[in-house]
Amino acid sequence: MAGMQPSDYNVPKEVEDAGFQIDADELGSIVESHDLKKVKFHGGVDGIANKLATSSTDGLSTDNETALTRRQELFGVNKFQESEARSYWLFVWEALQDMTLMILGACAFVSLIVGIAMEGWPVGAHDGLGIVASILLVVFVTATSDYRQSLQFRDLDKEKKKISIQVTRNGYRQKMSIYDLVPGDIVHLAIGDQVPADGLFLSGFSVLIDESSLTGESEPVMVNAQNPFLLSGTKVQDGSCKMLVTTVGMRTQWGKLIATLSEGGDDETPLQVKLNGVATIIGKIGLFFAVVTFAVLLQKMFGRKLQEGSHWSWSGEEAREILEYFAIAVTIVVVAVPEGLPLAVTLSLAFAMKKMMNDKALVRHLAACETMGSATTICSDKTGTLTTNRMTVVKTCFCMNVKDVSKPGDASALCSEMPNSVLKTLLQSIFNNTSGEVVATKGKKREMLGTPTETAILEFGLALGGDFQAERQAGKLVKIEPFNSTKKLMGVVLELPEGGLRAHTKGASEIILAACDKVINSNGDVVSLDETLRNNLNATIDQFATEALRTLCLAYMDLENGFSPDDAIPLSGYTCIGIVGIKDPVRPGVRESVALCHSAGVTVRMVTGDNINTAKAIARECGILTDDGIAIEGPVFREMSQEEMIKVIPKIQVMARSSPLDKHTLVKQLRTTFNEVVAVTGDGTNDAPALHEADIGLAMGIAGTEVAKESADVIILDDNFSTIVTVAKWGRSVYINIQKFVQFQLTVNIVALVVNFASACVTGSAPLTAVQLLWVNMIMDTLGALALATEPPNDELMKRAPVGRKGNFISNIMWRNILGQSLYQFLIIWFLQVYGKTIFRLDGPDANLTLNTVIFNSFVFCQLFNEVNSREMEKVEVWEGILDNYVFVTVVGVTLFFQIIIIEYLGTFANTIPLSFGQWFVSVFFGFLGMPIAVALKKVEL
């Protein structure tokens with residue numbers, strides 16, 4: 001690069017014709033190779049901005065749509081290449097890979113060959129085609145279910161990637177989707193933001209970038225004019241800056257990395273893993289029963305042939321009989337393997353995720369859905385979660401005088417009472433020591449940008465008659481130290497218009513006041529801050545705090561000995577300008593939501609950086625702080641020994657002035673020492689450790705930084721505590737729904753296994769054929785999962801204690817219901833086998849077929865009614881709200897419809913025969929009889 005001349009770089013003609021003096025490849029190589037020489041060659045960052053036909057102050061002009069489109073064509077769009085959606089037929093192919101279905105397919109093929117050879121077409125093909133039709137039904141229903149879920153998860157994945165960023169375009173600052181960025185855009189970055197594209201540093205202070213996601217290096221990188229390179233996908237760890245976008249989308253380093261990776265799905269949730277284990281054990285039991293059943297049926301057949309003396313001669317019909325025995329054995333395995341268990345979890349989670357999205361909660365990790373249902377403790381932030389995050393300055397203390405400024409015109413009155421010198425210093429502090437900004441929007445209206453606290457103070461400054469732009473242009477910022485949740489303050493150093501340097505600081509009132517040794521008195525003079533004046537100011541802070549106001553102290557210091565930008569801003573020696581009290585009302589419905597948590601056995605704790613008196617006042621208003629609870633300050637908590645913590649933690653309801661480390665310690669202690677399942681809210685970058693440590697991390701969608709969102713399991717899109725309670729309710733719903741399905745499925749598993757096994761041992765034949773068992777499997781697995789795993793939550797869920805970390809998934813009442821219903825269904829089938837022919841007066845060639853059809857029909861109706869029973873595991877009112885769940889009603893209706901079709905019209909394939917009205921009535925009656933038995937099982941303790 002040494003000695004590089006302008007002639008060494010030629011601008012492609014199509015780029016030049018479009019009005020640009022640099023192309024995408026050159027821009028990409030500059031950032032990718034961190035080439036400062038190339039940056040200088042192109043005239044520095046401002047020179048590159050000019051070559052991209054943009055302004056480093058006003059940004060791009062997008063008045064000409066054609067020019068913007070041409071820019072996108074030449075430099076690309078800020079979107080990453082997504083993996084293609086898997087087609088429906090791929091899911092069908094995967095469903096066909098099931099080993100037991102493949103074995104059944106082989107049985108069907110052999111049955112077809114033998115049947116057609118023996119009886120010709122089409123009569124000999126009926127048994128084989130029946131099995132084939134059943135297999136195809138199972139495959140297509142499974143594939144459809146999986147395909148719909150994959151589409152759902154894909155939509156949710158798109159929601160996760162929606163990120164907005166502050167951009168200057170057309171001379172004003174605005175919020176934009178990162179997908180709309182193009183090279184030449186001017187982006188504003190602050191702590192916790194994700195860098196949305198590759199670019200170059202324009203201006204800023206103390207910028208530290210975490211590049212670990214891209215490079216693996218844990219040490220943050222300092223970005224400044226000497227190292228101006230910013231890479232897509234990295235995170236702003238500290239500071240703030242303006243960035244010129246140079247490379248977007250698949251041309252960025254992040255885009256190239258993504259291109260080499262294939263997107264993986266969510267890991268299995270803990271419950272899926274647990275149920276997969278249960279399914280494997282039950283499958284092995286089923287395999288044992290299948291082998292024994294097949295052996296018993298063969299033994300009975302051989303015994304019969306030995307008695308007849310025909311054991312040396314075998315007919316094709318007998319070969320088909322052996323094949324049918326084998327198909328029954330394989331089908332027992334199919335029925336026994338409860339593949340519906342993991343399916344029910346996935347269905348329930350997918351259903352819950354979609355509904356939670358409507359309820360303003362975006363689930364990032366599947367496991368969070370089920371874990372939230374077990375939560376025993378919620379550690380919540382105050383600002384923006386329990387409160388509205390719409391802040392206004394309502395009280396002030398300047399020149400040692402307390403004033404109410406809540407009404408329009410109060411600020412003007414205050415302005416007229418304040419000495420000019422004090423007002424000038426106050427406005428200088430408000431408009432320079434801020435991370436917010438007053439900007440002109442498209443309609444030339446004024447808009448405040450920044451955190452709610454910053455915008456409240458800026459609004460107050462404007463009400464005092466201040467001019468943000470004029471104040472910013474009057475002085476020059478030498479250094480900025482952004483707000484830090486550990487220090488709880490922010491500061492700037494300003495070069496004054498008249499010469500000299502001044503430091504301004506603001507933050508937590510008691511911390512700033514402790515850094516002050518002087519104050520502005522009632523005459524507007526700077527005096528020493530003696531004990532009396534200090535006590536007076538502390539009393540004012542406490543008074544504001546007890547009125548549930550958030551207090552901030554503003555102070556300044558003239559730096560008479562000079563200052564270097566490399567130095568830290570001083571932490572003492574300040575003059576107190578005054579104190580502001582900011583009102584942030586409690587959100588409507590929070591008190592009720594907290595009460596709902598308490599009734600559900602969930603403890604709510606407030607963890608906040610605010611003053612302890614403010615925190616206590618808000619906590620009482622929300623119903624969090626009770627008479628038997630305590631409020632503690634972070635500094636006190638962190639100095640405690642392990643033994644002291646163990647004594648005090650169960651009583652802590654409020655932790656004020658907490659640092660991120662205090663929050664992390666509290667969460668860790670609750671999880672490890674007290675075995676609690678902990679949900680934690682967070683919005684700042686420094687909350688990431690606590691969000692990681694918690695069982696469920698809940699990030700705020702509006703106030704939360706991208707770092708916090710990435711560390712969280714669930715994003716609360718409206719930042720509302722009531723939404724967190726809704727998430728807990730959905731979590732419980734998922735857990736309960738899966739329990740309902742497990743109860744239903746295990747009942748069918750046990751009955752299907754025992755009936756075929758016992759019948760094979762006693763009579764030498766199985767009452768349920770392969771096709772019938774496959775239909776039962778369909779009802780039990782896919783349709784059962786659809787019906788029971790999609791029950792919406794109700795308020796009753798929040799009236800029971802949480803499951804916690806060690807709760808048994810299959811409860812005692814579930815075992816009672818499973819074993820009781822299994823015994824009842826087995827007795828019904830045994831009764832029909834023994835007395836059925838007598839009751840229905842069956843004789844003739846179709847007697848056995850008719851009896852087996854009645855047994856099959858009765859068994860299916862026992863499912864159907866048990867499905868209704870399983871809607872409630874403890875309550876008797878199982879019909880309540882049944883019509884509200886259209887999925888359940890549809891599944892039951894479809895099952896009933898196809899059962900009638902199978903019995904009445906598909907006898908050739910399903911080994912059934914049309915039944916009389918009396919036989920249908922008995923089948924339905926035996927099924928319905930399970931309802932009062934279920935009531936008895938729920939009411940009687942065994």
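Even glycines carry a Cβ here, placed using N, Cα and C.
Record features (TrEMBL):
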- 41-116: domain 'Cation-transporting P-type ATPase N-terminal' (DOMAIN)
- 99-118: transmembrane segment (TRANSMEM)
- 124-144: transmembrane segment (TRANSMEM)
- 281-302: transmembrane segment (TRANSMEM)
- 322-352: transmembrane segment (TRANSMEM)
- 746-768: transmembrane segment (TRANSMEM)
- 813-835: transmembrane segment (TRANSMEM)
- 886-906: transmembrane segment (TRANSMEM)
- 918-937: transmembrane segment (TRANSMEM)
Within the domain 'Cation-transporting P-type ATPase N-terminal' (41-116), how many residues are helix, strand or coil going by DSSP?
47 helix, 3 strand, 26 coil
Return the stretch with the most CB pairs under 8 A relative to the transmembrane segment (281-302), choosing among 124-144, 746-768, 813-835.
746-768
How about long-range neighbours of the transmembrane segment (813-835): same chain, 6 or more residues beyond its ends, C-beta under 8 Å?
739, 742-743, 746-747, 750-751, 754-755, 758-759, 763, 767, 851, 854-855, 858-859, 862, 866, 869-870, 873-874, 926, 929-930, 933-934, 936-938, 942
What average pLDDT does the predicted model assign to the domain 'Cation-transporting P-type ATPase N-terminal' (41-116)?
82
